[in-house]
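Summarising the annotation, TrEMBL assigns domain 'EamA' to 8-140, 150-279. Feature annotation from TrEMBL assigns transmembrane segment to 9-26, 38-56, 76-93, 99-118, 125-144, 150-168, 180-199, 205-224, 236-256, 262-280.
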Amino acid sequence: MPSSDKRRGITLAIMATIFYAIVDALSKYQARTSPVELIVWARYGVPLVLLLAFFLPRQGVAMLRTGHPWLQTARGLLLTGGTLLIVLAYRVMPIAEAQAIFFIHPVLLTLLAVLFLGEKVSSRGWLAVVIGFAGVLIIVRPGGGLFRPAALLPLGLALTFSTYQILTRIVAGKEKSINSLFWVLAVGTASMSIVLPFAWTPQSIQALAMLTVIGIVSGCGHFSTIKALEYAPASLLAPFAYVQLVWVAILGALMFGDFPDMATLIGIATVATGGLLVVFSKRQKA
């Protein structure tokens with residue numbers, strides 16, 4: 001693979017982290033006045049429209065098909081449920097803390113892969129598991145005066161996302177990434193469309209405009225991720241996902257005045273270390 005392609009893939013992957021961080025910050029901002037269900041609907045419904053508008057004319061109806069409808073539906077429901085949890089978390093806790101807890105998902109994925117896929121884990125992999133969980137404990141401080149029960153929400157996202165990744169591994173190689181993305185967005189949009197009437201409240205023009213922006217930026221993140229994987233392998237791009245922790249910390253400070261304390265910064269660094277150990281140990285095995 002040419003080095004120019006790798007650089008292009010890395011650039012797109014970093015751009016995706018910027019888009020996702022902006023989506024998270026805007027979701028937290030909008031969660032003050034809009035139902036969480038509506039925000040999640042926008043994060044799936046608007047990208048779905050963009051995906052169909054840009055790719056359906058080129059790909060045709062083939063991009064809508066799947067040979068594994070139940071697996072794809074389960075993937076979509078897991079990711080949608082996790083998105084609900086994280087937006088709920090943003091209402092009551094800083095986005096940097098919530099994202100740092102979520103980024104334990106590579107560690108959880110390691111455990112789930114052992115349990116359900118029978119994968120072998122090296123000593124470095126188990127060390128990463130211990131480090132990752134230690135980082136989360138530093139952030140949430142269970143039993144301490146600063147413990148927030150809301151920290152369980154991003155932990156829930158980490159668990160649902162890890163399970164989602166297990167199912168993604170099962171369908172990988174059998175489905176094109178564009179097909180899998182369509183199903184995730186379609187299932188998310190459909191499921192939230194069922195729930196939304198029960199949570200709907202009248203929205204101002206400004207709120208609807210913000211929700212549209214959230215959806216468009218989310219679509220840009222998905223598009224950047226797909227294009228990045230066209231230029232570089234996932235194993236090369238995986239470490240750059242942690243750049244998102246930097247962006248959400250900056251946006252949290254600028255938009256909401258949320259400055260992480262020293263313990264939280266240490267916890268974030270510890271979680272990132274555990275996750276990166278997982279990534280690099282897998283790259284070495286590959």
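Heads up, the Cβ atoms here are built off N, Cα and C, so glycines get one too.
Just so you know, TrEMBL annotations never went through curation; they're auto-generated.
Note on the domain 'EamA' (150-279): DSSP counts are 113 helix, 2 strand, 15 coil. Within its own chain, the transmembrane segment (38-56) is flanked in space by residues 23, 27, 30-31, 63-64, 80, 83-84, 87, 178, 181-182, 184-186, 188-189, 192-193, 196, 199-200, 203, 211-212, 214-216, 218-219, 222-223, which lie at least six positions past its ends and keep a Cβ under 8 Å from the stretch. Across 125-144, 150-168, 205-224, 236-256, stretch 236-256 shows the highest tally of CB pairs under 8 A with the transmembrane segment (9-26). Ranked by number of Cβ pairs under 8 Å to the transmembrane segment (150-168), the listed stretches 76-93, 205-224, 236-256 are led by 76-93.
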